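Taken from TrEMBL as is:
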SIGNAL    1-16  signal peptide
SITE      Arg102  site 'Transition state stabilizer'
BINDING   His129, Asp136, His196  Zn(2+) binding site
ACT_SITE  Glu193  active site, proton donor/acceptor
Amino acid sequence: MSILFLVLLTASCQSAYLNSQKSPVLLDIHQESDENAFVNLKNFSNDFVFDMKYATADNFLKEKVYPCGECFLRVKTIKALLEANKAFMKKGYRIKLYDCYRPLAIQKKMWKLVPDANYVANPKKGSIHNRGGAVDITLVDSLGMELPMGTAFDFFGEEAGHHYQNLSQEVLDNRKFLKEIMLQHNFKSFDSEWWHYNLNNSAADKVSNQKWRCAD
Ligand SMILES: [Zn+2]
């Protein structure tokens with residue numbers, strides 16, 4: 001293989017990667033022309049708390065399945081999320097993120113570890129996380145403390161569902177607060193998981209399998 005060919009091959013592959021390198025200045029999401037492009041949330045705001053669980057072993061798989069802890073999403077999803085976070089901040093809270101875009105290859109890996117549709121979406125269909133339209137989130141207060149939501153993230157049981165009412169009033173109020181603001185900002189909730197929100201109409205988007213380029 002010639003050096004030139006290798007250079008060309010590398011150059012063409014690079015465009016298919018999502019880059020974890022942070023931009024030196026904050027960018028304006030409204031300058032992005034392609035609503036469906038994938039971008040990195042941290043380049044557009046310093047106001048989120050990141051706790052990307054699948055980039056650590058602190059998740060139900062007990063395995064690190066992401067190469068680095070990034071929150072990539074489609075431009076339109078980020079626009080909605082930025083506005084939702086502004087609304088939470090007006091009331092003294094911020095969004096903490098557990099999961100965003102999940103490449104299909106990683107969905108397959110998760111399925112291999114836990115081939116149970118109650119816990120992991122079957123990669124044959126793919127989930128909204130694979131489409132760049134879903135976020136797993138909670139809220140933190142001004143000190144960065146998570147609001148009580150009744151269960152941990154990825155707790156698989158009825159207690160995690162929106163219909164489950166046998167919880168303290170504080171927990172019910174927190175879940176309601178999270179849901180109300182998210183629904184006002186073009187997201188919809190997911191009945192069995194209090195932490196999961198899908199951008200409206202994102203099920204129509206294509207499943208995506210982009211690799212991440214992680215900064216050292
Ligand atoms: Zn989710």
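Glycine is no exception: its Cβ is also placed from the backbone N, Cα and C atoms.
Remember, TrEMBL labels are computer predictions, not curated facts.
Feature annotations (TrEMBL) mapped to structure.
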residue	record	DSSP (3 states)
Arg102	site 'Transition state stabilizer'	coil
His129	Zn(2+) binding site	helix
Asp136	Zn(2+) binding site	strand
Glu193	active site, proton donor/acceptor	strand
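Each residue contributes its Cα atom, and for Asp136 (Zn(2+) binding site) and Arg102 (site 'Transition state stabilizer') those atoms are 11 Å apart.
Note: the Zn(2+) site is recorded as His129, Asp136, His196; in the same chain, Tyr98, Asp99, Ser127, Ile128, Ala134, Val135, Phe190, Glu193, Trp195, Tyr197 also have Cβ atoms within 8 Å of that site's Cβ centroid.
Of the listed recorded positions, namely Asp136, Glu193, the sparsest Cβ surroundings within 10 Å are found at Glu193. Counting in whole angstrom, the residue listed as 'active site, proton donor/acceptor' lies 14 from His129 (Zn(2+) binding site) by their C-alpha atoms.
Within the group of recorded positions (Arg102, His196), the Cβ with the highest number of other Cβ atoms inside 10 Å belongs to Arg102.
The CA atom of His129 (Zn(2+) binding site) is located 5 Å away from the CA atom of Arg102 (site 'Transition state stabilizer'). For His129 (Zn(2+) binding site), other Cβ atoms within 10 Å of its Cβ number 25. In this structure, the C-alpha atom of Arg102 (site 'Transition state stabilizer') lies 13 angstrom from that of His196 (Zn(2+) binding site).
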